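Enquirer: What follows is a single structure, and I will ask about it in a moment.
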Amino acid sequence: MISSFLTTLVGVFLPISLPVIGGALLKRFKGLETKALSALSLYVMSPALIFETLANASITSGEVNVTIIFCLLNVIVLWLLSSLAGRMLGLPQTERSGLALTTIFTNSVNYGLPLVLLAFGQAGLDKASVYVIVQIIIMNTLGVYLAARSHFSAAKAVKSVFTLPSVYAAMLAVLMRVTGFELPQGLDTGISMLSAAYAPLALVILGAQMVGVRDSDAALSVSRIGFWSGMGMRMLVAPLVAWGLLAALSIKGTLFAVILILSAMPAAVNAVILAEEYDAAPKLVSRCILWTTLASFILLPLLIGIL
């Protein structure tokens, strides 16, 4: 157990930690602004990665279908559990919304994809791409609803999905697989270069965002009940729910490991953006993001070692 933990820590988390530390230092000492880098990642690097991965992925239609089914069931169960926990603990409506955001949505893009690539190789990344696309769509529909509640427009949320380049990249990749069309070599090489740049850029952004969240967190007062419920739901309940659903759906092998790891990731950094815009307990969400991310550097190596 200890040997597996140390092997995973050195082989997977040490490479990940270097760009994360680099981003954190740049934010701390050079005031690195991540807005432009995030836009570059969202609108250029991420679509390139999704397109290249899906276009060349060694994944069956059965794996695609069961991944989508898992994602939908997982969201429903976590939504119900977070709502139940919020009511039982007597949290106000804003903190219930914040609890739902931290429970349901994980940092599967900036943190999860690089981690899966290092831990499981290209085969793992192929399988992770479907999960990530579904998560992106859910985040920009259900996520907006959970944050906004009373002043929410369902039509607006659905429309927001079609502003995401990664969705179109996924559609184009699927179309190419169906038709058998191949890109010219030069264009394919260019997309591969952009795709390869995604992981280090995403991790630099993650490091900078963690420092930003920590700086804002220093002046925040958050109820202990809200904070610990968010930590427990995200880092304990969510992985157990995922494990149960994976077993119920008879998902095994690499797909099982990849989905479980992605489901056990810390709270999504983008959740605080929604929380701030719609006043869904942004203080609670930002603190949970920081501490679930820090906790993940211990919990995820243990989980990968077990798998």
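Note that Cβ sites are derived from N, Cα and C of the backbone, with glycine treated the same way.
TrEMBL feature annotations, pasted as is:
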TRANSMEM  6-26  transmembrane segment
TRANSMEM  38-59  transmembrane segment
TRANSMEM  65-86  transmembrane segment
TRANSMEM  98-122  transmembrane segment
TRANSMEM  128-148  transmembrane segment
TRANSMEM  160-179  transmembrane segment
TRANSMEM  191-213  transmembrane segment
TRANSMEM  225-249  transmembrane segment
TRANSMEM  255-276  transmembrane segment
TRANSMEM  288-306  transmembrane segment
Enquirer: For the transmembrane segment (225-249), which partner among 38-59, 65-86, 288-306 gives the most CB pairs under 8 Å?
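Expert: Out of the listed stretches, 65-86 contacts the transmembrane segment (225-249) most.
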Enquirer: Tell me, please, if the transmembrane segment (288-306) and the transmembrane segment (65-86) are in contact, taking contact as 3+ Cβ pairs under 8 Å between residues separated by 6 or more positions?
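Expert: No, the transmembrane segment (288-306) does not contact the transmembrane segment (65-86).
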Enquirer: Is the transmembrane segment (255-276) in contact with the transmembrane segment (65-86), using three or more Cβ pairs under 8 angstroms as the rule and ignoring pairs under 6 apart in sequence?
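Expert: Since 3 or more Cβ pairs under 8 Å link them, the transmembrane segment (65-86) and the transmembrane segment (255-276) do come into contact.
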Enquirer: Can you tell me which recorded stretch out of 128-148, 160-179, 255-276 has the most Cβ pairs within less than 8 Å of the transmembrane segment (38-59)?
Expert: 160-179
Enquirer: Could you check if the transmembrane segment (98-122) is in contact with the transmembrane segment (255-276), meaning 3+ Cβ pairs under 8 Å among residue pairs at least 6 apart in sequence?
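Expert: Yes, since the transmembrane segment (98-122) and the transmembrane segment (255-276) share at least 3 Cβ pairs closer than 8 Å, they count as touching.
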Enquirer: Under 8 Å between C-beta atoms and at least six residues away from its ends: which parts of the chain pack against the transmembrane segment (160-179)?
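Expert: Cβ under 8 Å, 6 or more out: 42-44, 46-48, 50-55, 129, 133, 136-137, 140-141, 144.
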Enquirer: Hey, which bits of the same chain come close to the transmembrane segment (255-276), Cβ under 8 Å, at least six residues off its ends?
Expert: 63, 66-67, 70, 74, 97-98, 101-102, 105-108, 110-112, 115-116, 119-120, 124, 127-128, 131-132, 135, 139, 143-144, 146-147, 206, 209, 213, 230, 234-235, 238-239, 241-243, 246, 282, 284-286, 288-289, 292-293, 295-296, 299-300, 303-304, 307
